[in-house]
Amino acid sequence: MDPSDQKHFSAFDYVVFALLLAASVGIGLYYALSGGRQRTTQEFLMADRSMRCLPVSLSLIASFQSAVAIIGVPAEIYTHGTQYWFIGCAYILGLLIPARVFIPLLYRLNLSSAYQYLELRFSKVVRICGTLTFIFQMVIYMGVCVYTPAFALNAATGFQLWGTVMITGLVCTLYTTLGGLKAVIWTDVFQTFVMFAGQIAVIIVGVERTGGMSEVWRKVNDGNRLAGLDLNLDPTERHTFWTLGVGGVFLMLSLYGVNQAQVQRYLSARTEREAVRSCYMVFPSLQLALGLSCIMGLVMFARYCGEDFSEKLGSSSRDAMVIYFVMDMLQGLPGLPGLFVACLFSAALSTISSAFNSLATVTMEDLIKPYFPSMSEERATLVSKALATSYGLLCLAMAYLTHLMGDSVLLVALKIFGMVGGPILGLFCLGMFFPWANSIGAVAGLGAGLVGALWVGIGSIVNRSSGAKRLPPSCHINTTAAFQTAIGNVTSRPTWLHRFYSLSYMWYAGFSCLIVILVGLIVSFLTGPMKEGEATPGTVYPLLGKLLFFLPEHMKKKVCCVTPLRPAIPSPQGPCSHKKSNGTASGQHTPSQQQRERLLPDADSRVIEYETAV
């Protein structure tokens, strides 16, 4: 293909792309002008807790399946083969555990922010630390999400890169600020279908122009791109079954178990059952999205046999090959290039809008409302909208920092989730599964987890120790190159520090989560562990009790230090507004008898349901 023809968008492509942006803003306007018109924080931030499982599940998919995945996964398969496909195994436990443990526990506490749980279980200090860590994670990740589709549109049309960044950020900020969480969720539903349509269109045309599925299969098989089950236990290997299938579980838990962007969707569901169903419904759709991205990478390889044409788009990143492939395949088919770029923008807008709304929620609920309890509902809603706008503008600055990084966007995104999401996961696991943990141990564990994760993560970036072994760029197996690579790996003797920095990025979340739990438990025992009855009811999941099911009840009670707990009692001021009782260790909360008497009408059934479950 002539590179001079690469940057070509027809008028029909621009129409398709413009319709996407107009539809997204239109949904925001609809929810801004209908219903309660987003006049309360409950409606703006939580969609009045009225959503059904289908839109919630599609929104959960769209939040995770960003433009980073649509561009990054095919580029990964094109360069390194199909080993990454095994991350689909992690989806099983990565969604089953949240559905069975995290969602029921958090939903019954009647929260608005996931980090309110940390105050109920530990103290206000732990809640603020968790909130700030989440804000740090999402602000960095937003930069990656904004930059990726902007780079794609620049490569496809020649449109000014930073003008595209501005369009992406401002459109998303507009409909998020206008329509609140309802607009975000229903826009996600629309954008999910656009995402799948764009990918399917590229795959169908690509297979047809490459010579059919049999030809694609022959080339990827001859080019050694079909990976088998790699059971290598070396944690420094970039992708093996263990790094993807086991390390990926921790990554999925940090996303679908405790990430505010996802938890907020669970909490917006009408009932707990709807929230759990939405989590289960995500699994087949995520597998479909992963499969489409991997097939797209294989079709790319069959077309170009591993050659790198990214420099023709003015980039040294392998991610640019995906855009080159799309424009090559869809050239001369009016509307389809616009559909794929719209697909990328749909993925980006859904992820970014989720981030804006969740950041506005945690900032309002965790950092502003506790210090301004008398703030009127009208002013609180106005401040929430201003926060969403502010975070939208901040993400534009973070996009520039992403531009300066040389790694694959997929690698950058997963490193961010591992380095910062892992310690947050560890903090929630420490509180939910270990009743002895106190707030001092929680803060110490979170700090140690962040230091450990940032140490290995930044060290790997500085030393460029990604552990990636690029396969030879050929549609035929190059045994000489493979032999030379193997000899080089045997003869090189890296130092222990270099091996530490070479830890696969898929282990970052598990590594940091384990540090938080171990340090948190050690410090808790040194400073005085919590005793039975000191934790707020409903904040501890009886994990040890379930694992030690063979012991008599009186022995389980002694070992676990916790009895089956009832749901926390929501007061009229909110789930975290009750006073601390005297004599509790580490600043823990215990609801008073008066608060127990102010149960909601359906509280008795919730208690019976919970005790039956545990």
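Including glycine, each Cβ sits where the backbone N, Cα and C put it.
Database features, via TrEMBL:
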type	residues	note
TRANSMEM	12-33	transmembrane segment
TRANSMEM	53-73	transmembrane segment
TRANSMEM	85-107	transmembrane segment
TRANSMEM	128-153	transmembrane segment
TRANSMEM	159-178	transmembrane segment
TRANSMEM	185-207	transmembrane segment
TRANSMEM	239-258	transmembrane segment
TRANSMEM	279-302	transmembrane segment
TRANSMEM	339-362	transmembrane segment
TRANSMEM	382-403	transmembrane segment
TRANSMEM	409-433	transmembrane segment
TRANSMEM	440-462	transmembrane segment
REGION	571-604	region 'Disordered'
COMPBIAS	582-594	compositional bias 'Polar residues'
COMPBIAS	595-604	compositional bias 'Basic and acidic residues'
Inset, instruction - Report yes or no: does the transmembrane segment (85-107) come within contact of the transmembrane segment (239-258), defined as 3 or more CB pairs under 8 Å with a sequence separation of 6 or more? - result: yes
Legend entry - Contact check, the transmembrane segment (239-258) vs the transmembrane segment (128-153), 3+ Cβ pairs under 8 Å, seq sep 6+: no
Legend entry - Stretch of maximal Cβ-Cβ contact with the transmembrane segment (128-153) [cut-off: under 8 Å; candidates 279-302, 409-433, 440-462]: 409-433
Legend entry - Residues from the same chain, set at least six apart from the ends of the transmembrane segment (185-207), whose C-beta lies under 8 A from its own: 20, 23-24, 27-28, 31, 47, 51, 55-56, 58-59, 61-63, 65, 70, 175, 179, 213, 216, 265, 268, 285, 288-289, 292-293, 295-296, 299-300, 303, 325-326, 329-330, 333, 336, 339-340, 342-344, 346-347, 349-350, 353-354
Legend entry - Residue numbers, six or more beyond the limits of the transmembrane segment (409-433), whose CB comes under 8 Å of its CB atoms: 66, 68-69, 71-73, 75-76, 101-102, 105, 114, 117-118, 121-122, 126, 130, 133-134, 136-137, 140-141, 144-145, 147-148, 250-251, 253-255, 257-259, 317, 319, 402, 441-442, 445-446, 449-450, 453-454, 457, 460-461, 466, 505-517, 520-521, 539-541, 543-544
